[in-house]
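Noted in TrEMBL for the protein shown:
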type	residues	note
COMPBIAS	147-161	compositional bias 'Low complexity'
REGION	147-174	region 'Disordered'
REPEAT	174-216	repeat 'WD'
REPEAT	217-259	repeat 'WD'
REPEAT	324-366	repeat 'WD'
Amino acid sequence: MVSSVCWVPREESLTNVFGVFASDGPVALAAEAELSAAAAAAAAADEAAEAAANQIKPTDMVLVAAAAESDFSTLEVYIHDPETGGLFVHHDIMCGGFPLCLEWLGVGPSSSKKNLIAVGSFDFFISIFDLDVVDALEPVHTLGLQQQQQQQQQRQQQQQRGKGKKKHKNVMAPDAHEGPIMSLHVSPLKEEALASGSADETAKVWDLSTGSCLATYKFHTNKVQVVQWHPCEASMLATASYDRTVRLIDVRQPNVAVSAPLTADAEACCWNLSNLASLFVSAEDGSVECIDFRRASSGPPAAAAAAAAAAGGPAAAAARLWRIKAHAAAATALQQQQQLPGLLLSCGLDAAARVWDLRVRSTAAAPARKKGSLASGVPK
């Protein structure tokens, strides 16, 4: 099962991740003295072909997919060659709990690497892996866990108290999430600011340069399914939840939020690139609606929740610009592309991916050509 996918920007990956093995060829051939000249030449040709296949070209497209089996989970790094149309797994990385969301990072704490992936899972912390490291056994950093030096100090203290024989577990940081990590989004304007949403009903903002939590926001009364930074306003963060509300937070004013009700549990959202005061939100009932935050209610958490209690009330009518029944089942993903702001992509568990022309006042959509539930979509 593939639970989430994430593109890696071009030319961010090392061109030859397997370069460390380049010297193995002559050693291996020398050890096999019985090989004939023809066999040695064939082996060298195969090695050269394998090295060329493993080399990532500037024109290649890199996609990371989170795959889960019954007893383990992996991050599969795919290479797509637009020239030949080929798609293959370049390498994979073992990860911890069942992965729920992915986000590519250009910066990370205590690391000079610039090609990282953040993974949210059923674990209560965020794991950050280096995509340029093959067969990585551990993440380069974890957000929400006490770091190694602090854990080592605690273990030494436990050993001094005569408790050192017990198996040590990960120690959660005081500002960690208290539930699975359901959504991640890095700011397009401040690459060190990472937002996370959790089943503990909170959203958090992390500083990737230090690995610390900057703020926690408790505006929802159920799981936070979506977090989405505004593409032009660095302090504006949208969140959507299973409490059937979508909220806009100014991270500089943690006690006030703008809120609008939804018709069902939120699934995904993205900003309207043609009108950046509005947001597209998809829901579990298959609907997609456009919310204008300028018409939504605002105030502290209690007041915003009361104003957004009824999806069919005045607050909903004021904030909702339009609503369509996009899918017969949950609409699990929404995306727009900067180059095509008039089009909106939606996909869902009804085995359909649909492209909507926002310039046409119609809710008609062509049927899907292939069957299969779709749980994630990313633009490129």
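Any Cβ shown, glycine's included, is placed from N, Cα and C.
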Please report, as numbers and ranges, the same-chain residues at least 6 past the borders of the repeat 'WD' (174-216) whose CB is under 8 Å from any CB of it.
97, 100-110, 118, 120-126, 141, 143-145, 147, 222-229, 231-232, 234, 237, 239, 241, 249, 251, 254
Report the mean pLDDT of the predicted model across the repeat 'WD' (217-259), rounded to a whole number.
95
